[in-house]
């Protein structure tokens, strides 16, 4: 293969996860309604194990195509996970604790991001002989999930709203909370389902109806703003930035690992602050602080190659 063909193939290997994630996110609603939240997660876990196994066998079978196939499958699993996990957590949690439950998923994601940096180090699993194990490691977590999930209750909201099985829904509630709080929790779910029962609409209704247009715009802007925090870019190029700051290659890798630790620590504060400070205030603070940090990062990146070592270290 020529260099251009290798670069093209490598680009497709990298982007294959995103392709799968798009497919998985589009399938989230169908899987959640067809199989249920818990069973959907169980099926997703089995698919994750299968994808991880394919990636792990890539080097043994000398088949780069398997790497792409496995990463697409893992991407589909990732897309389903990003929708099913928050949905399941929110629906099995009492109303007063749902704000905290909604942040638990992101705490787990931040820990996974840091852990992926850790096992990617050459001293751990980032070597020429062990990298397939690093790619296949998520399969172990998914396998553990598949063992635990059958013992977890299904979402009572799903059992009521979709399966229309009041007895199973009440049994599920009793497994989630104590007997004293079971009845209020069940009644709250019934009220939530009753108030949300409206006639089906179309995507155009989001633009036509003023009561839907503003929430839609806010939701879209919030999702876009999260992508402009540049978290992915920082993780992707942080090692090069540290090298430009005159750190050795080894020190630069460990500095990137330190960024992952900081990311995880601050994610742990979200469940503690979200109910006390509020969603809106936290979001505004996060966006303002990210903008300031990105402006400073852009300035120091532009001048680090033409200035003193002190300014290069300011990038850190």
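Note: Cβ is positioned from N, Cα and C throughout, glycine not excepted.
TrEMBL entries are annotated by machine, without manual review.
Taken from TrEMBL, the feature domain 'Major facilitator superfamily (MFS) profile' applies to 1-316.
The transmembrane segment annotation in TrEMBL covers 6-28 (among others).
Sequence annotations record features per position, and here TrEMBL assigns transmembrane segment to 40-61 (among others).
Among the features that TrEMBL reports, transmembrane segment is placed at 67-89 (among others). Within the chain carrying the transmembrane segment (67-89), a Cβ under 8 angstroms from the stretch's Cβ atoms is held by residues 12-13, 16-29, 31-32, 37-38, 40-41, 44-45, 47-48, 50-56, 58, 101-102, 104-105, 135, 138, 142, 155, all 6 or more beyond its ends.
Annotation comment: TrEMBL describes 101-121 (among others) as transmembrane segment.
As annotated by TrEMBL, transmembrane segment applies to 133-152 (among others). Note on the transmembrane segment (133-152): residues 38, 41-42, 45-46, 48-49, 51-53, 55-56, 58, 67, 70-71, 74, 77, 119-120, 124-126 of its chain, located 6 or more positions outside it, place their CB under 8 angstroms from a CB of the stretch.
Within the same chain, residues 113, 117, 206-207, 256, 259-260, 263, 283, 286-287, 290, 294, 297 sit at least 6 positions outside the transmembrane segment (216-237) and bring their C-beta atoms closer than 8 Å to a C-beta of that stretch. What TrEMBL records for 216-237 (among others) is transmembrane segment.
According to TrEMBL, the transmembrane segment annotation covers 257-274 (among others). Within the chain carrying the transmembrane segment (257-274), a Cβ under 8 angstroms from the stretch's Cβ atoms is held by residues 99-100, 102-104, 106-107, 109-111, 113-114, 117-118, 121, 231, 234-235, 238, 282, all 6 or more beyond its ends.
If you look up TrEMBL, you'll see 281-303 (among others) marked as transmembrane segment.
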Quick one: average pLDDT across the domain 'Major facilitator superfamily (MFS) profile' (1-316), no decimals.
84
